[in-house]
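According to Swiss-Prot, the protein carries these features:
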CARBOHYD  66  N-linked glycosylation site
CARBOHYD  314  N-linked glycosylation site
CARBOHYD  481  N-linked glycosylation site
MOD_RES   134  N6-succinyllysine
SIGNAL    1-23  signal peptide
TRANSMEM  492-512  transmembrane segment
């Protein structure tokens, strides 16, 4: 009997302590690959007993209001329908994929217009939330402990400011590292850290460093200034005081960067930054029966996995046939994620799928190569499982991601718009038959696995840490409180130069005075 009551008491105590450590997390939702990373973290938070509420628009592409998942959805109405929103995104993606990238400035200016269009949509979503008094009252009364958001899609920091609670960012990159540098205080010396979207490596020639500096200036004085004006005005109106987006973002307690040093080029970082790249990666699960049979039928030659991501749903008939012709000439079997009309040149060794279990395929022992658009999620999965890549980058950070892998000897790049079947065929033969590519990717894989704490556990730790301590201001550097000229010590340099100039002026005056005195005395002596 005593044992029975002891057991009951222990169970009650466990519930007491568990509930005491649980927190309430408000999430400003993202879409596509951004959401896939966030969802991995959120599900782990739920597993640990936290209450997670995801703020999603009625036009959201990835959320189903009727989904009975462990994540609580708070759907807010917006003027766009789901179909309209998806069509807009697909049109923007189509425009991005058609941008000619062989000129110096044109790709940036065209991508900038598209990014501004996306920003306008996100800002309207944000307005729909903060102007919804009933929803805001409900959220206020819920007494959340923290806001979790992606820095690429502003609004989460505004909600945190309105509710007076700390917030944590999940982030990959912003064009030109604008948010990271101006809002996060990140340090990216242009002498050896290439600007994102520049396609440069950290081993730059003099002219490449000149090019990199021009990119920095472009993003600082054009993209940053003109893109932020609307956000600054909107935040000032909502908060009832003059402010800026950057000023609000600077209050972030922790930045969880979805990068790692085996992928990105090294650079300095701050105390409130942790790198959790590859947090979504996991061991491969068994494949569906039909797919496993097809993979096993490849024999010793193995298989090639081909995917251009979730945002590219179709391609021209001409490009599809160029690719199909190349794939038909390799001895490997090919699993191609493709949502379009079957190419006429499709070989017997290639099967088309509207969806593939990419992580599980990359982790299969028969996989020999991965043809990818260069999305960060896919690259991390390839690194995790040690699969060399052929990169066909399309837009945004994808050319940079492939440039990183190429610099590390783990990938070959081909251009989607100009490649021939021979180009793709030769690239595949290189990464499959040249053992150096497998060796290099396996080295990166070993580094990815050799971490004292898994990236996902670190990400969850920092969110829980901020909830426990009501923030992490002790990790926030004082640089956030300085103006740009104070940060670069221009006021100090100016003061010291003024001091030197004053001393030189006094010395010069003294010398002139002495010279005048001696000259006068000499003239007087001559007259005597």
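A Cβ is built for glycine as well, from the same backbone N, Cα and C atoms used for every other residue.
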Other CB atoms within 10 A, centred on the residue listed as 'N6-succinyllysine': 8
Rounded distance in angstrom between the Cα atoms of residue 481 (N-linked glycosylation site) and the residue listed as 'N6-succinyllysine': 35
For residue 481 (N-linked glycosylation site), the number of other Cβ atoms found within 10 Å of its own Cβ: 10
